[in-house]
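Taking it in order: structure first as structure tokens, then the write-up.
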Amino acid sequence: MIYIYFIYLKQDDPKKSTMRKLERFGIARRISPGGARDKLMLTRSADTVLSKNDRFIAERSGICVIEGSWNREDTFAGLRFPYGRRLPKLLAANPVNYGKLEKLSSIEAVAAALYIMGFQDDASAILSKYTWGQNFLQLNKNPLDEYREADPEKIPEIENAYF
């Protein structure tokens, strides 16, 4: 499995943190912001969209996500990460933001990244820790499959076709 890291901002209820749960299962590891420099960083402020071409970065250094509140999304607005990537548009399946565009939980974001880079089994495995997890893959099956096959320059066309 690809190494999964997260930066925990302590902005939400720790009992509801999807990444803290993965940490308890030994699947994810908490790091400081400085520890994310060489990682494939999932961030909405990135200019580059995640694609299958990013697989080698994830295999080499792992994937990192910021675990924080959607209500305080500007926390890292000024920071740039060398391997920062934004996810293509997807719908959330978590109970708090179900059906909302781009309001993914951290575990959904990591699972989407894994799926798009060709690690579908790993994506399914981490989502299995939540009763609603597999709903994310079902809800987004068609766009995820198209993103997985597409070259980076085609992803905006796919986003527009679905959303």
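Glycine is treated like the rest: Cβ placed from N, Cα and C.
Note that the structure is predicted; figures quoted are calculated from it, not measured.
Annotated S-adenosyl-L-methionine-binding residues in Swiss-Prot are Thr18, Ile66, Leu87, and among Ser45, Ser51, Ser106 the one listed with them is Ser106. Neighbour count (other Cβ atoms within 10 Å of the Cβ, all protein chains): 25 for Ser106 (S-adenosyl-L-methionine binding site).
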